[in-house]
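Trainee: The following feature annotations were taken from TrEMBL:
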- 1-31: region 'Disordered' (REGION)
- 10-25: compositional bias 'Polar residues' (COMPBIAS)
- 43-74: region 'Disordered' (REGION)
- 49-70: compositional bias 'Basic and acidic residues' (COMPBIAS)
- 111-132: transmembrane segment (TRANSMEM)
- 165-188: transmembrane segment (TRANSMEM)
- 276-300: transmembrane segment (TRANSMEM)
- 312-333: transmembrane segment (TRANSMEM)
- 399-420: transmembrane segment (TRANSMEM)
- 483-505: transmembrane segment (TRANSMEM)
- 617-686: domain 'CBS' (DOMAIN)
- 923-941: transmembrane segment (TRANSMEM)
Amino acid sequence: MCDRDPLIHGSSTGLSGVARPSTSLDPHEDPVAGLERVISSSCVSSSSRRREEEENMRRRHREHSERGQEHALSSKYESLNYEVSENQLYRDEEGDPNHHIRLWHRSRNRWIVCFFIGVLTALVAATIDIMVHYSQEIKFRYIITRLLSKCDKQNEAGCMWTVEAAWMCYNCLLVGIAGSLVIFWAPIAGGSGIPQIKCYLNGIQIPEVVKLKTLISKAVGVACAVGGGLSAGKEGPMIHSGAVVGAGISQGRCRSISFDTGLLKEFRNDRERRDFVSAGAAAGVAAAFGAPIGGVLFSLEEGASFWNQNLTWRMFFAAMISAFTVNSILSWFNGRSGWLSWTGLANFGVFEVCSKIKQELQHMGSAIFLDDWSHRRPNWRVIQSSQFKKYVSSNWRRLVECLLVAAISAFTGFITLFLVDDCQPVGVNPNITEVNQMWCKNGEYSAVAKLFFQNPEESVKALFHSPINSFRPSTLLIFSAEYYLLTLWTFGLSVPAGVFIPAILTGAAWGRLFGICVGYAFPAIAGVDPGKYALAGAAAQLGGIVRMTISLTAIIMEATKDITFGLPIMLVLMVTKWVGDIFNEGLYDIHIDIQEIPILGWHPPKMSRNILAEKVMRSDVVAMERRERVARILAVLKTTNHHGFPVVDRIEESTHSSLPDYGHVKGVILRSQLITLLEKRVFYSEMDGLEGIGRVGQVKPSDFFDEDVQQDKPLDCLGLTTSDEQCWMDLEPFIHPHPHRVPLNASLPFIFQLFRLESSHPLGIIEMRKSFDGNYTGIFRAISDSRLGEHMKNNPSSTYRVFARSSTNPKDQLMSSTKTCLLLQSNLFHFFWITIDAERQLVLSLTVFPDIVATGGAPLDSALNCSKRSFQIFDKPSAVVNVSSKGTLPTPDTQLFVQIMERERRARQHGAETDDRSFLGKYWMYIVPIVIFIVVSNAMTPEGGGDV
């Protein structure tokens, strides 16, 4: 406050001896000391008050959610900083003549990073697929095949249980590894990871979501979960894995293993990392499905809320590199090097092109009918399952649950194999293995084993492309029901698992079943292909669960390598989303609600125009002044977890509220910036004076690049002493001077849209004043030393001068003076009138004059010869300082404008300004061009004699 307000020389301030409460200001005390005391007390009380309010709010939401209506939102999540801090350092750097060269280098490095994101994401995808391949080889070739051969030789009745026990033990071993990685090492790696990446890309900080251990747990865990026979897919986790790769490669370091290349430091901020995470997610989709276009659309539709043309190009580049690399690696691994025939982890094969449009319309109509059945139950069951799993709280219980689901999944497959006798001739489908044969006769294979005892992707391919009579309707019915229930139970387990392939496999099963029923019900329809109905059912099931439209259409078309079914698939997904949204949200949104993550949707709540900002805002904000004590900055950082703080011109006690009066907003400063300034010791003591502000030059814009490290750095490691805490810090050169702000009467939809564009950054709610002219600022009392009074008494003919200077430019100062004789007549009581600008940075005027009230009503005599007169002075020189602000814009005189308009209206009514001209006299300038145009047009027609 002392540095902000004009400094007055000629008198010194003193403290009053009256004791005041810690939250009140004494009008006679030093404003600086008083405000520091009040602010310090407000900081502590505000912190405790906020914690108490948040706890009460969470308790109310928890009670409300237990009644089954909605979920509470957790206050532990903070927002990321996606906005450029255009402080003075940033602007000075932009003014450097070589700045455009640095921008070109940065743009080039973005493309290089996207290239490596695509390559490394493909390597992760190929590694996962190879791990799953070898785990399946061990399970099928070395366990099942050998045990079956042994059972055939021994011909014992109990041998079947030996094979089942070995199968279950191997599955539990792999699932136990996957569960242990998630439960005891990286809990964030559980599930598909798509909801967490969606929140991250929308500005929510999810702890450890893009860490190295998350990537390792995700890759190894999903390979073990799929190899362990769970109803899980490896395609969803690939999106999370690609996002982690994008976040890690772009930083040029790995903090988990203390490895730093020293490169790409300019990308170590939330804004740049967000773009690379978007590219990594697109590369993950491309590696999983061989769908680079679908990957870009997925990142735009489900993930990134902030994109531009350059980002779209880089995302597509990373996705294409990823798809090409994984194709090359898997083609080489499967013995077809150079052919590029393995487009992704999920290879659904190629459909035969249908030659009749009528048949396509039949498939489309059937698919639209099917999707209405598919979308209603799965997500509701997921909600109920998640509510039940809240009671499985301990780590060991969660691990036991994983093992139990693995054992039941293996047991279900074996029981179905023996209960359902569906042995098909080998001639119908010659591409079988010994595992598919199981206990069928020679020359036959088990259709149940073809669904349960191979990779889910191969099962999907079998449902899409197998001949018409390859599966009995009863087999498809039993399998779809069992796999549907297993998928619901598997989702939410503490293992890395995706929902894409399980949903596609379930939908393909009942879709093929429906196609068979259509063939039985309408035998006159020739060319019914159950495989195409399986594709429609797979799209309906997956779309009903995840509620994606554009990206899922592109992914399915690219995965099947056929655009013929684009229109039916698009209609299926659109109708599925429309009808499904009536009942509940998509799976990812439900998962976000269960985790209580505060993410914004695409649109504001309906019918909310009458909800204003003053109804939804929080008034107890944690703000800072432009110049703060180091001790208070440390107190704020220790008592809050906020990523940014508003900076105001003053913090004073409010006369009408228990909360402080925050004054005008000057900008926003980040938590990472404050920690960097403390670490660089950019502060000065009172002994340094204003010259200590020169230490700002010690800080460069590159010092603020590493936001993560500074934000997570413990405050105790800064090495600040007690004397350091008494120093001052000038925040003005480092604040973002123009944060988004809205008035109190802004509507909730307006705030919603701005808040979403602002990437969940806090918005300032300000009060719009109608007038800035003569805005009252404050009154202070200054009491000088008694020696000044004695000096004035001994020199009555001297001149009393006062000076005022601005904190922004201390060299510019104003001076005002008066005769000492006049002050002696007023018993040394006088006034200082100071006018400052609206921004409270510049002193516009300064006036000093004696207090006529102190003379007892006697007029002051400027011609009095004070040197020949003696004065009895009993008080010290005392002054009242009156500070007011002056606006630069005059207030519009609306009343005068209305009066002028009213006089003009009355004058027209009384005929004072009537126009007596004729019709042609008034409008000839419009009539003449029309006549000329008609004449010319007629002259150009044959009837008018012109040429055609």
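The backbone N, Cα and C atoms fix where each Cβ goes, and this holds for glycine too.
Because TrEMBL annotations are produced automatically, they should be read as predictions rather than curated entries.
I'm curious about the neighbourhood of these features; can you describe it?
Mentor: Long-range neighbours of the transmembrane segment (111-132) within the same chain, counting only residues 6 or more positions beyond its ends whose Cβ lies under 8 Å from a Cβ of the stretch, are 215, 219-220, 222-224, 226-227, 234, 238, 241-242, 245-246, 249-250, 264, 267, 276, 279-280, 283-284, 286-288, 314-315, 317-326, 329-330, 333, 344-345, 455.
Within its own chain, the transmembrane segment (165-188) has Cβ neighbours under 8 Å at 135, 138-139, 143-144, 147, 196, 206-209, 211, 213-214, 216-218, 220-222, 224-225, 227-230, 395, 398-399, 402-403, 405-407, 409-411, 414, 493-496, counting only residues six or more beyond its boundaries.
Away from its own ends, the transmembrane segment (399-420) comes close to residues 160, 163-164, 167-168, 171-172, 174-176, 178-180, 183, 228-231, 389, 392, 438-439, 446, 448-449, 452-453, 474-475, 478-479, 482, 486, 489-490, 493-495 of its chain (Cβ-Cβ under 8 Å, at least six residues beyond either end).
Sequence-distant contacts of the transmembrane segment (483-505) (same chain, at least 6 residues past either end, Cβ-Cβ under 8 Å): 175, 178-179, 181-183, 187, 189-194, 217-218, 221-222, 224-226, 230-238, 288, 346, 378, 381-382, 385-386, 389, 398-399, 401-402, 405, 408-409, 412, 451, 456-457, 459-460, 463, 538, 541-542, 545-546, 587.
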Trainee: Taking only the residues in the domain 'CBS' (617-686), give me the average pLDDT of this model.
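Mentor: Mean model confidence (pLDDT) across the domain 'CBS' (617-686) is 83.
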